Amino acid sequence: MAKTIKIFDTTLRDGEQSPGCSMNLKEKIEMAQQLERMNVDVIEAGFAAASPGDLHSIQEISKHIKNCTVASLARAHKDDIDKAWESLKFAEKPRIHVFLATSPIHMEYKLKMTPEEVLISSEKMVTYAKSLCNDIEFSAEDATRSNVDFLAQVFDKVIKAGATTINIPDTVGYTTPDEYYDFLTAIIEKCPALKTIDISVHCHNDLGLGVANSIAAIKAGVTQIECTVNGIGERAGNAALEEIVMSLNTRKDYYDIETRIDTRQIVRSSNLLSRITGVKVQPNKAIVGANAFAHESGIHQHGVLNNKETYEIMTPESIGLDTNRLVLGKHSGRHAFNDKLTQLGYELTKEELDMAFKKFKDLADKKKDVYDKDIDALVSRQKIEVPKIFELINYVINSGNVITSTATLTIRKGDNLIEEVAVGEGPIYASFKAIEKVIGKDLELDDFSLTSVTEGEDALGDAVVRLKENGRVYVGRGLSTDIIESSIIAYINALNKMMFENETI
Ligand SMILES: CC(=O)SCCNC(=O)CCNC(=O)[C@H](O)C(C)(C)COP(=O)(O)OP(=O)(O)OC[C@H]1O[C@@H](n2cnc3c(N)ncnc32)[C@H](O)[C@@H]1OP(=O)(O)O
Ligand SMILES: CC(C)C(=O)C(=O)O
């Protein structure tokens, strides 16, 4: 019988450590709910001691999650562990995740602790965490550059102290698949107690080997894999969840390993994360890249026309890739719309449904064919919307290749309608300048991009604006069949986020 391994998702903790990938509370809750829909076993929701905001967001995420374990990270410090426990007070299935580095370089230069002190502290802190919570994970940070005998000693102590999962991470993405397999096999042999609990790995991608190392670890007998959606994470990122899960799924014939992941939720999870962070997935990314199922050359196309399996090792449907099915049109009613939302995995309140239905009708008026992707984009965006402190009422553009563009914008702030005119190189830049005039200050535009949600002349334009202030990036998104309108909405959305989170303006 196939063995089932656990998927521990750390998109909201290690993933959020990725530059430019920070998320606000609403976005984290929406992402956590999507992870639950995808059926991950554990959601690492954050590092409570990092800030009161992090602690609060773990509490709020916990309130919304029923089926997954929620983990909170802590250094081997009593105060961190107390905060982690406080952050988990609403969790149905809480896990405290304590970590301490075990490699000579980390112990000497970072922790300034002797191996003996690390041994004592690990045992003491796991004992303390266990007095609060039954489910305790212990991670030996930089395990792959640690001495195997020393690690075995640490693991013996923390397992006796009550750890229920031991994580053996490749913190700096240093190891290779063969070496990791040998290393894990050796450590399991030296510390037989490991066989009585869950053994986990957490692989980074510094050499591009995060997924390969995770798969080698499964072969060596580990029972939990730590990973992130789209492989985001510190530096070059973490092992990508979708790649690990689909490798095991596609090569079940070889590994005979299963996960509990609903693979049809993979594309939606990837899209939602990109939508939230504004970080796009590279087109040739395995599984979720735009080209992952595209066949460009004649010989391939010929093969696929005769039999898809000539060049496709998994079906697009198995990862939830919508094959552009026409779903609804402007004559569709509320029941059909609600039914579609249920199929897509959404549960909306009546108020949310009313709002989404109105947006859908507006879209169906402008766009001939409405696809699953369009509806997903509309609804997932609505769920992470912040209050509209500024709102676009209307705009007029005067532009061409022989004149400087002029934008006239009317924007609502509270009960006031403010109109401003600005000129700029191109209609979008002129519009952004007009918004700055409305708020009375210059903003730093970190990045701007525009893509289409689906194909076709009437496709929805998806604009992403990244505004930077005091080192923080605020990502705004705008969706419209008119690309200038979507750009203006995206800019105002980023501005609203900045105000909502920071009250800076
Ligand atoms: C491999 C990983 O991904 S680990 C997780 C990384 N995530 C983060 O760092 C989250 C964001 N971090 C933060 O907000 C801050 O670093 C905080 C709040 C956690 C700590 O901030 P500060 O107290 O100012 O410490 P700072 O970050 O400068 O240094 C880390 C301290 O923790 C110690 N430390 C590091 N890891 C551990 C550990 N696992 N257990 C105990 N102490 C540790 C370091 O030795 C250093 O101690 P020192 O202050 O006595 O010299
Ligand atoms: C805290 C641990 C698990 C970690 O993030 C790492 O080792 O990379």
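Cβ coordinates come from backbone N, Cα and C, glycine included.
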Residue among ASN24, ASN39, ASN230, ASN238 sharing the Mn(2+) site, where TrEMBL lists ASP14, HIS202, HIS204 as binders: ASN238
DSSP three-state assignment for ASN238 (Mn(2+) binding site): strand
Position of peak Cβ density within 10 Å, selected from the binding-site residues ASP14, HIS202, HIS204: HIS202
For the region 'Regulatory domain' (391-505), residues assigned helix / strand / coil by DSSP: 33 helix, 57 strand, 25 coil
Sorted by sequence, non-ASP14, HIS202, HIS204, ASN238 residues with Cβ within 8 Å of centre, Mn(2+): THR10, PRO169, THR171, CYS203, ASN205, GLY210, GLU226, CYS227, THR228, GLY233, GLU234, GLY237, ALA239
CB within-chain contacts under 8 A for ASN238 (Mn(2+) binding site), separation at least 6: THR10, ASP14, GLY15, HIS202, CYS203, HIS204, ASN205, GLY210, GLU226, CYS227, THR228, GLY231, ILE232
